[in-house]
Amino acid sequence: MSVENTAPIHSKRTMYMAITIVGMMFFIFGFVSWVNAILIPYFRIACELTHFQSYLVTFSFYIAYLVMSVPASYVLKRAGFKKGIMYGFFCMAAGALLFVPAALMRTYLIFLIGLFSIGTGLTILQAAANPYITIVGPIESAAKRISIMGICNKFAGIIAPLIFAAVILKVSDAAVFDQLDAGFYTEEEKNLVLDDLICRVIWPYTILSVFLFAVGIFIRYSVLPEINQEEENKEEASSGGTHTSIFQFPYLILGAFAMFLHVGTQVIAIDTIIGYAGSMGINLLEAKVFPSYTLTATIFGYMLGIVLIPKYVSQTRAFQFCCILGLIFSLGVALSTHIDLTLFGHEANLSIWFLVGLGFPNSLIYAGIWPLSIKGLGRFTKIGSSLLVMGLCGNAVLPLAYGHLADMFSIRHAYWILTPCYLYLIFFAVYGHKIKSWSFKTR
């Protein structure tokens, strides 16, 4: 994109317009992403899967961030911002449509291919939206804007599992699930029951496919301004002038790994909580609300961030506090035993409520990592942003590792995977983001 074709984004009117449209995009990101919290236990029943196999849902969805991140940056560079976003929505629509043949044949592999296609489209959208919302205003208030986007994302995440569960689940399913576990049905009867369960996803994902296609068309012809990241900030551009590779920015590499760990811990806290509750005798119809509680805690954190950052507390201090609190809560998940607590009408083990509580510290970690990792990249901003997007593949890897540990040991013991993740995040928040060279000299 040339500078001449790039709309200015400094006026308040243009900035608010851009934030509104990108906020809608983040809402869609959240809806298609967090519905996985229901798909994982649902597929585990309908497709007769182990814990490890069921978490291939998150793996197939999020591994696209690693595989397709660099191609996504080239798509945006060649096609432009708006046309690239349109292609991303079209790719997501195609993936959602693959759920139809997958359900008709009850073939898990086709579901996974569809999820990978949705993830690929989402990778293109993330590669565009994240740097856009970061540079659309002053870098000092980037965390506030990211928090606003996070509210859009997580609000969609609150309602997505509830809407999807309301569409595909029936009150009578609780008895059906118990009968399946007890081996009540003959093989032929069981196949009929499982076929009925899996075919319930057809209409929701068909409607989703049509909607995503329509949004792609809308974005293409919207008034959303194009941007030129490399010309947007001359100070940033000059700061990257003496470097020849993104690997000469240690804080970016460390930030990408921090992103990898953070998003993985966030998905574990949200997407595993239904299965964990089920292991304690809480059925799917009741446990479906727990991911929404976790995401509500996240929204509360975002709202605090909007109020407090940067007026009362710097985004770096908030980032550090959240990493430390995340470590405390993760230890609470792993160590809480034989203690039940009733909240919101649900009696559950204290460890479940610590998982719910993890949504709060997780809220501002993402907003802390992103601006600290791309600050000063200059002309490397696009490829640096793509590297951070590649870090989002932690969503794919860590839940799969959790599922493997759950099958090997127990679901509770698998949560120890969170502890080293938060320890590293504390390191990056306190020291890692200051490292300017691999000789470990800081400015």
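From the backbone N, Cα and C atoms, a Cβ is placed for every residue, glycine too.
Under the heading transmembrane segment, TrEMBL lists 21-43, 55-76, 85-104, 110-134, 146-169, 202-223, 251-278, 290-309, 321-339, 351-372, 384-402, 414-433.
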Discussion item. Check for me, if you would, whether the transmembrane segment (146-169) reaches the transmembrane segment (21-43) - at least 3 Cβ pairs under 8 Å, residues 6 or more apart in sequence.
Written reply: yes
Fill in: the transmembrane segment (251-278) vs the transmembrane segment (85-104): 3 or more CB pairs under 8 Å
no
Worksheet item: Top stretch among 21-43, 55-76, 85-104, 202-223 for CB pairs under 8 A with the transmembrane segment (110-134)?
Response: 85-104
Worksheet item: Is the transmembrane segment (321-339) packed against any residues at least 6 beyond its ends, judged by a Cβ distance under 8 Å, and which are they?
Response: 265, 301, 349-351, 354-355, 357-358, 360-365, 368, 412-413, 415-416, 418-419, 421-423, 425-426, 428-429
